[in-house]
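Below is one structure, written out as structure tokens, with a few remarks after it.
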Amino acid sequence: MASSAQSGGSSGGPAVPTVQRGIVKMVLSGCAIIVRGQPRGGPPPERQINLSNIRAGNLARRAAATQPDAKDTPDEPWAFPAREFLRKKLIGKEVCFTIENKTPQGREYGMIYLGKDTNGENIAESLVAEGLATRREGMRANNPEQNRLSECEEQAKAAKKGMWSEGNGSHTIRDLKYTIENPRHFVDSHHQKPVNAIIEHVRDGSVVRALLLPDYYLVTVMLSGIKCPTFRREADGSETPEPFAAEAKFFTESRLLQRDVQIILESCHNQNILGTILHPNGNITELLLKEGFARCVDWSIAVYTRGAEKLRAAERFAKERRLRIWRDYVAPTANLDQKDKQFVAKVMQVLNADAIVVKLNSGDYKTIHLSSIRPPRLEGENTQDKNKKLRPLYDIPYMFEAREFLRKKLIGKKVNVTVDYIRPASPATETVPAFSERTCATVTIGGINIAEALVSKGLATVIRYRQDDDQRSSHYDELLAAEARAIKNGKGLHSKKEVPIHRVADISGDTQKAKQFLPFLQRAGRSEAVVEYVFSGSRLKLYLPKETCLITFLLAGIECPRGARNLPGLVQEGEPFSEEATLFTKELVLQREVEVEVESMDKAGNFIGWLHIDGANLSVLLVEHALSKVHFTAERSSYYKSLLSAEEAAKQKKEKVWAHYEEQPVEEVMPVLEEKERSASYKPVFVTEITDDLHFYVQDVETGTQLEKLMENMRNDIASHPPVEGSYAPRRGEFCIAKFVDGEWYRARVEKVESPAKIHVFYIDYGNREVLPSTRLGTLPPAFSTRVLPAQATEYAFAFIQVPQDDDARTDAVDSVVRDIQNTQCLLNVEHLSAGCPHVTLQFADSKGDVGLGLVKEGLVMVEVRKEKQFQKVITEYLNAQESAKSARLNLWRYGDFRADDADEFGYSR
């Protein structure tokens, strides 16, 4: 600490006190401060200076934890204003001081002046003049300092300043609150708005004690997202600093101690508050990282409201320069070329919930594991039935939901893959199986990180790493933030609700069960299915959602090359092109949603029939690509002509199974393909029902009279032969008659049987649904079945629009459509087909106005941008309408364009 000696007169005269200088580090009270020197290679020395000749009130003191009978001591009147007067005047400022007295206990008393010499402001006199301190009695009257203090005190009394004002000063006593009953509620109540505060103590570089204003809460605040070296407490009570702990503490002290700051309270951890301290001169969290005094910590970085990437960037800055705690840091070496690190690939298969199989541009297949996430796991495995074979996809809670989320988002689509790290192969241990080498990557589609989307829905968790482990996702902080949101919102794995149970019956190879299912599948016509596995080109395993069962399915009408088989004692080689046929089927249908028509079954309990994908018959496609031949059993099928035509075309190409086919060449006339144009052929329909997801059901106006006649005849028949109440036993998928609320009977289909009192039915001619007791149902007379007149309600969806994900916004759109078109005649044109239902444009019958375009104009829906050339004109019109709605801030757009930041994929909702 700097000092300068001032000489007096002769050696016999009184000694002149030595003037010393320092920087005020802390104000202990209205009459005591701590000064420090300039730092040189480490934290500087400090000393406490007590002001001579004056007395200020004592500040509040908390009772010692070791003395259970002791009580907290409150502020004395005017003690805190005196402390604040000095704090605002002196903290961080240079002062000079003289020591007049030193007690045997080492306490030093003296005079303090603001500035570099004693000509500056006398701090003791300023305190007394403001009425914040009193002159000590008993001093020599002829002492010049004492005389000046006496004058200052008289002036303060005359002006009624401070303690000399009217009243007892009780309003200056703080109501200090040392504890908070519910820290989590306290943090949430501030809604991450900055709170004014004073930093009262610095425990280490990243932990402080702060006084929150204006309510005087004294709280411990840990800086979100970082951790500085700490002071280890030894058994004898002493503290041992970790490397750079003292330097980090001084770095924070010199910038924040007893400064006015604002704190954003961000979260709560073990009764400690996590927050970010804001100061006009900068963000201490980022500064500590940048100077190499702190490291990022994963467990709290997700709550940092100013963006975790800023903290990672600051840490990288210090690592690259090997500053302080990073002096021995060695950067990981890159072992991948750029082309292998980033690439675009097509997703061919989803493996459970954390890995996918992609097809590279080279045609090779590669398994990619999603970085830093863990799929749902089975808890309490010891309680499981050891005799029961575990089926992870269905038996592990939320595994099926996670797989389905990935399947629906990714299968058949191109994704961007960024390899984050390669996990080396590991041998098996007693508790952990062996793992082969794994390529772990961040996979995005449409700018959305699939792992983050999965975590945000509570369908996966984030792996926790050692702090020095850099082998992690390049978007690790976003994953942590997504998990925090999922936990807060109780999504998926973090939900308090009962876990979903999937009772899926596997009837593959079970002849008895297959016989029971066969009639239902035959009557159902086309059934929805998901291809779970491809055994060969014509043999597949299907999951039927409505029936919740797994079946083995054989393609009808074709003879596909048989693949290699393992037989007892030998391996039977596969027929030529069997592998190509299997690969073709895999690439086309594996994990896709398809439609199947079951015709029969074989002796082994395998179902035989036709499989359709995107309107195409897989049997025909295999024949068309010369990977199968037509089987004679196809003669009885309605697809026989298509199969023969495809086979003839394949024969002419002489490829694959027809490579050695010999026939007289036939002149082939190739049709001239014309560029497809948008077809606008509007037909009159009657809108009968609008669903909550903005689909709608219509009746064809041209067949309306047939329905009216059928309904009239059916009701007359029922009136003549009424069903016996309670005699009908409903089964899912069956057609029946149901009595609607108007007391009339209508044709319906049973969708679900909860109990005899709760039967879910769908009115096939009108599109509405209802839950009825079985007493209001009856058998559908054969004379009025769907073979006589097919179901008249057809489901459609609006083309070129996206339905809002937000429940309230979607309700607004549905309400608008209900008001405009329900129970009215409109004009309908099919624009394109989809796996769910055809997408159409709908016009008002009188004005010919486009209903979907009207929704866009009102800002109730968004535009679905399609790439097909024939739709560009109408898409442009829709986009122009959307821009107009945006400009007018209508409905969805009332807060501007929300789509970039408010993606539902990440768990947000408006």
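Note that the numbers count up from 1, one per residue, in the order the chain is shown.
Here the Cβ of each residue, glycine as well, is placed from N, Cα and C on the backbone.
Annotated N-acetylalanine per Swiss-Prot: ALA2, in sequence order.
The domain 'TNase-like 1' annotation in Swiss-Prot covers 18-166, and the record cites sequence analysis as its basis. According to DSSP, the domain 'TNase-like 1' (18-166) comprises 38 helix, 46 strand, 65 coil.
Taking a C-beta cut-off of under 8 Å and a sequence gap of six or more, THR103 (phosphothreonine) has these contacts in its own chain: TYR109. What Swiss-Prot records for THR103 (among others) is phosphothreonine.
Per Swiss-Prot, domain 'TNase-like 2' is recorded for 193-328.
Swiss-Prot lists LYS193 (among others) with the feature N6-acetyllysine. Close to LYS193 (N6-acetyllysine) in the fold, though at least 6 residues off in sequence, lie ILE264, each with a CB less than 8 Å from its CB.
Proximity of THR240 (phosphothreonine) to non-local residues of its own chain (separation of 6 or more, Cβ distance below 8 Å) is seen for PHE231, ARG232, GLU234, given in sequence order. Marked as phosphothreonine by Swiss-Prot: THR240 (among others).
Within the chain, the motif 'Nuclear localization signal' (321-325) has long-range Cβ neighbours (under 8 A, six or more residues past its boundaries) at 229, 243-244, 247, 291-295. According to Swiss-Prot, the feature motif 'Nuclear localization signal' maps to 321-325 (among others).
Residues or ranges marked as domain 'TNase-like 3' in Swiss-Prot: 341-496.
Distant neighbours of the motif 'Nuclear localization signal' (388-392): 352, 378, 399, 504, 506; these residues of the same chain sit at least 6 beyond its ends, with a Cβ under 8 Å from one of its Cβ atoms. The motif 'Nuclear localization signal' annotation in Swiss-Prot covers 388-392 (among others).
The phosphoserine annotation in Swiss-Prot covers SER426 (among others), and the record cites similarity to another entry as its basis. Mapped onto three states, the DSSP output places SER426 (phosphoserine) in strand. SER426 (phosphoserine) counts 13 other C-beta atoms within 10 Å of its own C-beta, drawing on all protein chains shown.
Taken residue by residue with DSSP, LYS513 (SUMO2 cross-link) is part of a helix. Among the features that Swiss-Prot reports, SUMO2 cross-link is placed at LYS513.
The predicted model assigns the domain 'TNase-like 4' (525-660) a mean pLDDT of 90. What Swiss-Prot lists as domain 'TNase-like 4' is 525-660.
Positions annotated as N6-acetyllysine by Swiss-Prot, on the basis of similarity to another entry: LYS641 (among others). Following the DSSP three-state reduction, the secondary structure of LYS641 (N6-acetyllysine) is helix.
Counting only residues at least six positions away in the same chain, no Cβ atom sits under 8 Å from the Cβ of SER645 (phosphoserine). The phosphoserine annotation in Swiss-Prot covers SER645 (among others) and rests on similarity to another entry.
Summarising the annotation, Swiss-Prot assigns domain 'Tudor' to 729-787.
The phosphothreonine annotation in Swiss-Prot covers THR779 (among others), and the record cites similarity to another entry as its basis. THR779 (phosphothreonine): 15 other CB atoms within 10 A of its CB, across all protein chains.
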Recorded positions compared (LYS513, LYS641) - highest count of Cβ atoms within 10 Å: LYS513
Spatially closest candidate among SER426, LYS513, SER785, the listed recorded positions, to LYS641 (N6-acetyllysine) (Cα to Cα): SER785
Distant-in-sequence Cβ neighbours of SER785 (phosphoserine), under 8 Å, six or more positions away: PHE735
DSSP-derived structure type at SER785 (phosphoserine), helix or strand or else coil: coil
Distance from LYS513 (SUMO2 cross-link) back to THR779 (phosphothreonine), taken between C-alpha atoms, in Å: 26
DSSP helix/strand/coil residue counts for the motif 'Nuclear localization signal' (321-325): 3 helix, 0 strand, 2 coil
